[in-house]
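Per TrEMBL, these features apply:
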- 80-184: domain 'VTT' (DOMAIN)
- 1-26: region 'Disordered' (REGION)
- 80-106: transmembrane segment (TRANSMEM)
- 162-186: transmembrane segment (TRANSMEM)
- 198-217: transmembrane segment (TRANSMEM)
Amino acid sequence: MTVAPSGGGEDQRVVQDGGVQGEAGRPGFIRRQYDRLIRAAHGPRARWTLAGVAFAESSFFPIPPDVVLIPMMLANPKRAWWLAGLCTVASVLGGLVGYAIGYFLFETVGSWLINLYGLQAGFQEFQQKYAEWGSWIILAKGVTPIPYKLVTITSGVAQFPIVPFILSSIASRGLRFFLIAVLMRIYGDQVRYYLEKYLNWAFWGFLVLVALGFAVMTQI
């Protein structure tokens, strides 16, 4: 059962979760996994998981921190600002590792990561744009869904000045994560309500988006 968000003293409206109930009223598989995810978002290790994913994604990990960040904000919208700040700091620190990989270890680790994720074309294009746009390309790409490791490793290869790199990373990653925080603070309750009401559709839609994301990533 899902309780609709209410306001102005009106009675709360209760709706049946379509397509997520199992036999004999037992929650279905998707609903059980969703409930487990929300519980984990409240857990004591959740913040460390978020920081770890944000840190690793900036240098070598394929999964973006949004996958962890959004459920945590849905579970506790009042902590959205704090979570966005944590994600920003961890992502920038991880970006320094990616920068070091490009600067010192590109022939071994860096090139292996680029090939592993099929980012060769994106890497070459990004190098060309660096010469034209400089730090602006970091600001632009840091907000988009493209793998941030591509930005950090390429920055190291190009030996981009470290201070502008850090400042651009703070600005771009902060903008991305705090924008999510704004949306969750304003619409978090409504998002959670409709997500739970149409959980099956949301689950399959998420899988489609993930598949499309990986397809686009290989073409960047």
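Glycine residues also receive a Cβ, built from the backbone N, Cα and C atoms like all the rest.
Note on the domain 'VTT' (80-184): mean pLDDT across this stretch is 86. The domain 'VTT' (80-184): residue composition by secondary structure is 92 helix, 0 strand, 13 coil, according to DSSP.
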